[in-house]
Structures are given as C-alpha cells and as structure tokens.
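Taken verbatim from Swiss-Prot:
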- Lys44: active site, proton acceptor (ACT_SITE)
- Tyr271: active site, proton acceptor (ACT_SITE)
- Arg139, Met319: substrate binding site (BINDING)
- Lys44: N6-(pyridoxal phosphate)lysine (MOD_RES)
Amino acid sequence: MPRPIHASISLAALAHNLDVVRRHLDQAAQAAGGAPPSIWAVIKANAYGHGIEAAVAGFSAAQGLAMLDLAEAVRCREAGWGGPILLLEGFFQPADLDLIDRYHLSATVHTREQLDMLAQARLSRRVDIMLKLNSGMNRLGFDPDAYGSAHARALQLREQGVVGAVGRMTHFACADGTPGVAGQLRVFQSVTQGLADGPVSVCNSAATLRYPEIAVAHGAQAHWVRPGICLYGASPFADADAASFGLRPAMSLRSQIIGVQDLPAGAEVGYGATFRAERPMRVGVVACGYADGYPRHAGTGTPVVVGGVRTRLVGRVSMDMLMVDLDPVPAAGIGTPVSLWGQDGPSVDEVAQAAGTIGYELLCALAPRVPVKRDS
C-alpha cells in the first residue's frame with residue numbers, strides 16, 4: 001500500500017479563479033470606459049506545482065498562456081492548447097528559435113544578443129515578441145536609455161519579415177506593497193510613449209488585483225495581464241488573503257494519522273526536543289514531511305486540520321513525518337484524515353507565513369513522490 005499522502009488539484013478552482021480575475025478586470029474596464037485586457041495565464045514552474053496538463057484544462061478560457069520553459073510550452077501544445085504562448089525569458093540559443101518556430105510560440109526579448117539571434121534566424125513564420133523594459137526592478141530588460149534603439153531594431157526585423165508584433169512589457173517589483181507601481185509605471189510610460197503601437201503588458205497578479213485600471217485598453221491599444229499565483233488560489237499580498245478576493249485553493253495537500261502517542265507532562269517531541277508537553281496530551285504522527293514538500297521551518301503552532309478540526313503542529317518537521325496536537329480532536333486515531341493545506345484545511349499562505357516563506361514556494365516545492373489527483 002502507498003503512503004496515505006496525496007495532493008488534489010481542482011480544475012474547477014482553476015477555472016473559477018480565472019473567472020474571478022476576468023470579472024475583476026471587466027469591472028475596472030467598465031468604470032474606466034475602456035476595454036478589458038486579455039489574460040496570459042502564467043503556468044511557469046510546472047504551473048506552480050499544479051501540473052501543466054491540469055493548467056491547460058483549467059485555464060481553457062484564457063486568451064493565452066505564459067511560461068519560461070520551452071519543454072513546458074511543447075507540453076501545452078501536445079495537451080491541445082492552440083492559443084498564444086509567451087516565453088517569459090525568451091530564448092537562450094539559436095536552436096531555441098527552431099522550436100519557437102515549429103510550435104508557434106511568442107518570446108520576450110530582453111537582450112541585444114536575442115535580437116542578434118533573431119536577425120540571423122531562418123524561420124518559416126514571423127515571431128511575435130514582447131520587448132522588455134527594465135523600469136526599476138533591475139532583473140531583466142533593456143535599460144531606459146537603451147530601450148528606444150532596441151525597439152527600433154525590432155521594427156527593422158519586422159520590416160525584414162523576421163518579427164511579427166512588437167509588444168512592450170515590464171515587471172513591477174512592489175505591486176504587492178509599498179511603494180506600489182507608480183514610479184515604475186511613470187518610467188515605462190515615459191520611455192515607451194510615441195513608440196509604434198503593439199500589445200502592452202505590465203500587470204502581474206498583484207497589479208492585476210490592486211491596480212486593474214492600468215491594464216484597461218483604450219482605443220486600438222491591446223493590453224495583456226500576466227496573473228500567476230492568484231489563479232491557483234493563493235495571495236500575492238501579505239496583508240490580504242486569497243479568500244478576500246473570492247479565490248479558491250486549487251491544490252489541497254492531504255494525508256492521515258499513522259501513529260498516536262499518549263504523552264505525560266514534560267515529555268518531549270521530535271528532533272531536538274524543541275516541544276515539551278505542558279500537560280498530559282495526545283500527539284498524532286502524520287505521513288508528511290519536508291521530503292514531500294512541507295516546509296521544514298514550520299514550527300509549533302502551524303495550523304493543521306485533523307478530522308475536520310483545526311489544531312496545530314508540534315515539534316520539528318521530519319523528512320517523512322510531522323506531529324500534531326490531538327487534544328482538540330479526541331476522536332482522532334490512526335487513519336484519521338489530515339489536511340495540511342487547501343480546500344478543507346488552512347490556506348497555503350497561512351502555512352507559509354508560519355514557516356517564514358511564501359505560498360508560491362510551497363506550491364512549487366510539492367515533491368515528485370507525492371501522488372497527484374485531478375478533480376474536475
């Protein structure tokens with residue numbers, strides 16, 4: 001018999017979250033008197049741990065998909081996705097352009113070397129590109145003083161039949177908090193003002209939820225947003241949970257109690273004996289540890305749901321197991337279901353906060369050894 005741990009991926013929750021984002025953007029567009037943007041559903045890192053094929057099915061109503069990895073883009077095509085696909089880091093060597101050509105992909109361009117590779121490529125069709133501006137995050141993109149010349153070269157490649165649409169994009173560093181997006185948005189608008197029309201994309205999850213008005217399209221200008229984490233039912237914000245936006249968790253990590261210990265007062269639990277029972281208590285052993293993707297740094301007090309009752313983790317997380325306080329669940333015993341996070345448990349963001357990290361990391365870190373079930 002396999003260990004009693006598995007992750008469930010809800011396709012209905014994925015579709016619901018996409019619809020929540022779409023309605024949010026529709027309302028912003030109506031208020032601003034413009035048109036709502038199109039949505040690139042971001043499915044990088046194996047769809048934030050949820051699986052590429054599940055994401056293709058769950059996000060079937062999106063206008064496009066965005067990711068980093070060429071192999072994942074190919075999997076999308078093999079899963080039946082026929083719409084636009086954007087490679088968020090573009091390409092790294094000339095051979096990548098052969099796959100981009102074959103599978104009809106679009107690419108982010110953020111270096112002169114990528115423009116050089118495009119100029120030397122022999123492709124069967126034009127490649128749509130998004131020219132990225134470094135507006136202040138200082139990660140990827142052309143600096144403001146180099147962007148104009150890079151854009152001009154992209155237009156030359158378009159005239160030569162190599163490039164199709166030439167879009168403009170940037171990435172916000174602080175859309176989830178202070179100082180927000182105003183400074184970077186000013187840089188983006190100043191640098192790109194007057195450049196030839198093409199699609200524009202500036203909003204990630206946080207900006208899409210908090211500043212949807214900046215993605216509203218006016219006139220013939222096409223806008224795209226790039227929501228990621230919110231589509232999986234987790235929050236990009238430290239000060240607002242996903243449920244407050246109407247989002248539902250798409251991944252649920254579940255296991256069972258596999259052992260019970262009746263402890264006297266003063267007994268210690270787990271590696272390092274970091275937890276000591278203040279009174280006689282029952283402790284349950286759960287088949288889940290850091291080798292399954294549960295955060296090792298989650299300490300005593302991290303929320304867990306056992307048999308439908310909220311309780312707490314006690315002691316250190318082991319490689320394959322963790323321990324929970326069963327006093328709030330007197331009927332619990334071996335075989336009692338446990339929800340580590342998800343639809344019937346604490347939110348992944350709660351667990352992440354207790355471990356000093358973010359929900360993104362936990363979702364992406366689900367271990368390959370954990371069986372995954374897809375729910376419709």
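Numbers here mean position along the shown chain, with the first residue as 1.
In case you wondered, yes, glycine gets a Cβ from its N, Cα and C as well.
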Counting across all protein chains present, how many other Cβ atoms fall within 10 Å of the Cβ of Arg139 (substrate binding site)? 10
What's the number of neighbouring CB atoms sitting within 10 A of the CB on Tyr271 (active site, proton acceptor)? 10
For Lys44 (active site, proton acceptor), the nonlocal same-chain Cβ neighbours (under 8 Å, six or more residues apart) come out as Ala66, Met67, Leu68, Asp69, Glu72, Leu88, Gly228
So, three-state DSSP: helix, strand or coil for Lys44 (active site, proton acceptor)? helix
Met319 (substrate binding site) has its Cβ surrounded, within 10 angstroms, by a count of other Cβ atoms equal to 12
For Tyr271 (active site, proton acceptor) and Met319 (substrate binding site), the CA-to-CA distance in whole Å is 11
